[in-house]
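Asker: Here it is: the structure, laid out below.
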Amino acid sequence: MKHLTLPAVAKLNLFLHITDRRPDGYHNLQTLFQLLDVGDELTFTLRQDDEIRLDCNNSELINEQNLVLRAARLLQQYSNCTQGCDIYLDKRLPMGGGLGGGSSDAATTLLGLNKLWQLNLTTDTLAGLGLKLGADVPLFVRGYTAFAEGVGEKLQPLPMAEKVYLVVTPDCHISTAEIFQHPDLTRNTPIISVDQVLTAPWRNDCQPLVEQLYPIVAITLQWLVEYAPCQMTGTGASVFAAFPDQTSAQHALAQLPPSWRGFIAKGVNQSPVWAALADTE
Ligand SMILES: C[C@@](CO)(OP(=O)(O)O)[C@H](O)COP(=O)(O)OP(=O)(O)OC[C@H]1O[C@@H](n2ccc(N)nc2=O)[C@H](O)[C@@H]1O
Ligand SMILES: Nc1ncnc2c1ncn2[C@@H]1O[C@H](COP(=O)(O)OP(=O)(O)O)[C@@H](O)[C@H]1O
């Protein structure tokens, strides 16, 4: 096998509870990660040498900090692999919007190169490597909708009704670090058990603070709630609502103010990346 094209889908946090702050400054969370069926696409091509090169439809993303390059280099180093690759990233997801696009790209890179370089590393090993790159990477490596604890790395599969979501991303950049460092962040939500997930009220502890600091997020939520109950994902800025069907989601999307960005996606319990990998067997 010389080429491999794989999806890197988005996620939503159907709820996000912050339960405490750890001595290392990070926060323990409880969250329900819902995978979606839309995202970026990555193509991996074997090279004759051991170089790793990245190309992308967004030239600003072609740099050493890109999580795709960092994931590829980490895997090459970990496995002492002498092979290289050209990687093309087709960036489709809004960036820095709480949809996990960068983390998903990193996970797809770990999964894709494990296959292309025939490393045969286990999913546990890849998830462990992914955690070094970001808290959400293990979710995308494992590829199932899940209840998560810790910083998001302790995952239990939790299949959900596969609903239709409208996701709207207002034009503002929110720093995850700024939100987590803010004194007004709610960080003492009581811990719930996995049995309580479906009955507990779902809320995002970052949302009130983000609405206060970034009024455009509050305005976007006020727009969306006219159509369906809505919430913010991650540390923002994207917001989402579940709709009973494609038609009603499409109706709301058609009313979106011109400068806003939105898309419709279906919630999925299994990441399409795993089905795509199985197709290459
Ligand atoms: C909170 C979530 C929920 O999905 O937000 P989104 O990024 O999706 O919006 C993620 O777990 C975010 O993960 P990720 O985006 O990888 O965060 P990182 O880059 O690791 O962290 C940025 C900074 O946020 C703070 N941080 C992050 C995660 C966490 N559980 N506690 C923290 O206190 C730390 O100060 C860290 O330096
Ligand atoms: N492959 C990538 N795709 C998107 N962003 C990336 C990538 N690699 C690094 N980044 C950086 O990570 C930041 C957050 O990316 P992203 O995962 O899209 O957001 P979020 O964590 O809010 O869901 C971006 O602003 C960008 O600077």
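Each residue, glycine too, has its Cβ placed from N, Cα and C.
Annotations for this protein, taken from TrEMBL, read as follows:
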ACT_SITE  LYS11  active site
DOMAIN    66-143  domain 'GHMP kinase N-terminal'
BINDING   PRO94, MET95, GLY96, GLY97, GLY98, LEU99, GLY100, GLY101, GLY102, SER103, SER104  ATP binding site
ACT_SITE  ASP136  active site
DOMAIN    196-256  domain 'GHMP kinase C-terminal'
Asker: Which residue, out of the recorded positions GLY100, GLY102, SER104, ASP136, shows the minimum number of other Cβ atoms inside 10 Å of its Cβ in this structure?
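Answerer: Across GLY100, GLY102, SER104, ASP136, these recorded positions, the one with fewest Cβ atoms within 10 Å is GLY102.
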Asker: Report, in whole Å, the straight Cα-to-Cα distance of ASP136 (active site) from SER104 (ATP binding site).
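Answerer: Checking the Cα atoms of SER104 (ATP binding site) and ASP136 (active site) gives a distance of 8 Å.
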Asker: Cβ atoms within 10 Å, counted per site: which of PRO94, GLY96, GLY98 has the most, among these binding-site residues?
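Answerer: Result of the Cβ crowding comparison: GLY98.
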Asker: For ligand 1, pick out the recorded positions LYS11, GLY100, GLY102, SER104, ASP136 that have a CB under 6 angstroms away from one of its atoms.
Answerer: GLY100, ASP136
Asker: Could you tell me the C-alpha distance between GLY100 (ATP binding site) and ASP136 (active site) in angstrom, no decimals?
Answerer: 7
Asker: State the three-class DSSP label for LYS11 (active site), counting H, G and I as helix, E and B as strand, and everything else as coil.
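Answerer: Reduced to three states, the DSSP call for LYS11 (active site) is strand.
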Asker: Quick one: which residues besides PRO94, MET95, GLY96, GLY97, GLY98, LEU99, GLY100, GLY101, GLY102, SER103, SER104 have a Cβ within 8 Å of the ATP site's Cβ centroid, in sequence order?
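Answerer: Neighbours within 8 Å of the Cβ centroid, excluding PRO94, MET95, GLY96, GLY97, GLY98, LEU99, GLY100, GLY101, GLY102, SER103, SER104: ALA10, LEU93, GLY234.
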Asker: My understanding is the cutoff is Cβ-Cβ under 8 Å with a sequence separation of 6 or more in the same chain; which residues meet that for LYS11 (active site)?
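Answerer: The list for LYS11 (active site) reads PHE33, GLN34, LEU35, LEU36, LEU99, GLY100, SER104, ASP136, LEU139, PHE140, THR233, given in order along the sequence.
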Asker: Mean pLDDT, the domain 'GHMP kinase N-terminal' (66-143)?
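Answerer: Average per-residue pLDDT within the domain 'GHMP kinase N-terminal' (66-143): 97.
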Asker: Which secondary structure state does DSSP assign to GLY96 (ATP binding site), in the simple three-class scheme?
Answerer: coil
Asker: Which recorded positions from the set LYS11, PRO94, GLY98 come near ligand 2, judged by a Cβ under 6 Å from any of its atoms?
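Answerer: Among the recorded positions listed, those whose Cβ sits under 6 Å from ligand 2 are GLY98.
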